[in-house]
Structure formats: structure tokens, C-alpha cells
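Down below is the structure, laid out as C-alpha cells.
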């Protein structure tokens, strides 16, 4: 079974491309990372930074998560991210996404030993 840390890697990490100017990026990646299997995941963010840099966020600025938990952390610096949002015409199983390139601070929830990101909370 996939651990929470592994799920975070699958759903949110893309170290291979620093920036993809490809408007088709989300359509391809959401399928490739199994986020369109039983439904279209409505919103998802990919982070284009090294695994080490993203794991390091767990020791940066402690903030409160959207759900009220206190194990969220905001990155000190901005990161290259891609936002994938389902389009109005998207209908399972033909999930369709709009791709947006952004440079923002990320907020992740961390847990475990080693203390690693397990949930992508927001970008600011």
C-alpha cells in the first residue's frame, strides 16, 4: 500500500521539468500519476523543485493548515509550481485540465519520522 509520503510524491512532485510551457501538461500528468482513474481530481498542484528542497519545507515556517491542524509549513522561498484545474467541459473519464505556471510559496503538511511532506495544503 502506498504511504502518505509516497502519495505526496506521486501527486505533487515533478522534478523532471523545471517549467513546462506545454498547455497539455496537466492532461498528460494527471493521467500518468493516476489521478483520473475513478474520477477526475478537480484541482492538483505539481512542484518543480528538488525532492530535498521540498522536504526541507518541513523545517521552515510553521503555519496552521486549512483544516485547523498545526503541522503545516510554508516555504521560505517561492517555488516553480504548475496548477492543474479541471475545465468546465471536463467529464469523467475524459478529464480535461487547464495548466497554469506559477511561482509561489508552497504550504505542505508534514508528519512521520523522517518528518516529510504528506499533504499539499496551499500556495501563497
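Any Cβ shown, glycine's included, is placed from N, Cα and C.
According to Swiss-Prot, the protein carries these features:
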ACT_SITE  12  active site, proton acceptor
ACT_SITE  119  active site, proton donor
COMPBIAS  1-13  compositional bias 'Basic and acidic residues'
DISULFID  26-84  disulfide bond
DISULFID  40-95  disulfide bond
DISULFID  58-110  disulfide bond
DISULFID  65-72  disulfide bond
CARBOHYD  34  N-linked glycosylation site
REGION    1-21  region 'Disordered'
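With a cut-off of 8 Å between CB atoms and residues at least 6 apart in sequence, the same chain places 62, 63, 64, 65, 107, 108, 109, 110, 121 near residue 72 (disulfide bond), listed in sequence order. Ranked by Cα separation from residue 58 (disulfide bond), the recorded positions 12, 34, 40 are led by 12.
Residues within less than 8 Å, Cβ to Cβ, of residue 95 (disulfide bond) and separated from it by at least 6 positions along the same chain comprise 27, 30, 31, 36, 40, 41, 86. Candidate recorded positions: 12, 26, 34, 84. Nearest to residue 119 (active site, proton donor) by Cα distance: 12. Cβ neighbours within 10 Å of residue 84 (disulfide bond), excluding its own Cβ and spanning all shown chains: 21. Counting only residues at least six positions away in the same chain, the Cβ atoms of 44, 82, 84, 85, 97, 98, 99 sit under 8 Å from the Cβ of residue 26 (disulfide bond). Every protein chain considered, the tally of other Cβ atoms within 10 Å of the Cβ of residue 34 (N-linked glycosylation site) stands at 13. Geometry remark: residue 12 (active site, proton acceptor) versus residue 34 (N-linked glycosylation site), CA distance 12 Å. DSSP places the residues of the compositional bias 'Basic and acidic residues' (1-13) in helix, strand and coil in these numbers: 9 helix, 1 strand, 3 coil.
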